[in-house]
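Peer 1: Annotations per TrEMBL:
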type	residues	note
ACT_SITE	ASP33	active site, proton acceptor
ACT_SITE	ASP174	active site, proton donor
BINDING	SER7, HIS64, GLY140, PHE141, GLY142, GLY143, ASP174, GLY175, GLY176, GLY196, SER197	substrate binding site
BINDING	HIS31, ASP33, HIS64, ASP174	divalent metal cation binding site
Amino acid sequence: MIKISPSILSADFARLRDEIQRIEHAADWLHVDVMDGHFVPNLTIGPPVVRAIKKYTNLPLDVHLMMTNPDDFIPLFADSGANYLTVHVEVCHHLHRTVNEIKKRGMKAGVSLNPATSLSLVEEILGDVDMILIMTVNPGFGGQKFIPASLPKIRRLRQQLEDRQLAHIEIEVDGGISAANIREVAEAGATVFVAGSAVFDSPDPAETIRQMKIAV
Ligand code: DX5
Ligand code: ZN
């Protein structure tokens, strides 16, 4: 069964509580994009907002750290109520330590790769993670176009996980996902689908999530 993790990046921040309530019963997780203005050319939100959201949603919080120093913030995100904490392989010099710190704090650990980052960089950490996040756009903004070269990359990761008896690890995809392409991305082997603009820019976000599930 696939999971949909709507990204609040495309929600109306001035009405965040209402926006989340609209999708609460249709979504599986809630994706929170943390951007630091260094790793990506945009700034968004941090632990105080995660903490505020946690009070009024039962959805698991899927926190995506697009920042150069994620290690400094692991305790803060744990205390704020993050369930999944995903870091980028491009900035972690001691990824094994980072992943284990996340798990020690009671969260599930995700590792993300930018479109130009080789899968070989996560080969040695696969046995330790709960999720690999394949970026299907260059991170920083919602509403970008899905990069088609992501499909063979997802297929190769799926094959590696099967070969190594690690098929329980989630493959999450993020960027340009909609009802129009979700099926082929699922067929390539992804299991968790982030969707920002496709969900929150639609007239009925909960119905859009249902349509995405039907499309798979
Ligand atoms: C992009 C973020 C995404 C973004 C996806 O840097 O990581 O989570 O919200 O937005 P869409 O679904 O509109 O591409
Ligand atoms: Zn994201």
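Note that Cβ sites are derived from N, Cα and C of the backbone, with glycine treated the same way.
Just so you know, TrEMBL annotations never went through curation; they're auto-generated.
Thinking about packing and proximity, how do these listed features fit into the structure?
Peer 2: All chains included, 24 other C-beta atoms sit within 10 angstroms of the C-beta of ASP33 (active site, proton acceptor).
Following the DSSP three-state reduction, the secondary structure of ASP174 (active site, proton donor) is strand. In sequence order, SER7, HIS31, HIS64, SER112, LEU133, ILE134, MET135, THR136, VAL137, PRO139, VAL194 are the residues near ASP174 (active site, proton donor), counting only same-chain partners six or more apart with C-beta under 8 A.
All chains included, 23 other C-beta atoms sit within 10 angstroms of the C-beta of GLY176 (substrate binding site).
HIS64 (divalent metal cation binding site) falls within a strand segment according to DSSP.
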Peer 1: Roughly how many angstrom lie between the C-alpha atoms of ASP33 (active site, proton acceptor) and GLY142 (substrate binding site)?
Peer 2: 10
Peer 1: Pick the one among the binding-site residues SER7, SER197 whose Cβ has the fewest other Cβ atoms within 10 Å in this structure.
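Peer 2: So among SER7, SER197, the binding-site residues given, the one with the fewest Cβ atoms within 10 Å is SER197.
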Peer 1: Hey, what's the Cβ neighbour count for GLY142 (substrate binding site) at 10 Å?
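Peer 2: Looking across every protein chain shown, the total is 21.
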Peer 1: Tell me the Cβ neighbour count for GLY140 (substrate binding site), meaning other Cβ atoms within 10 Å of its Cβ, over all protein chains shown.
Peer 2: 16
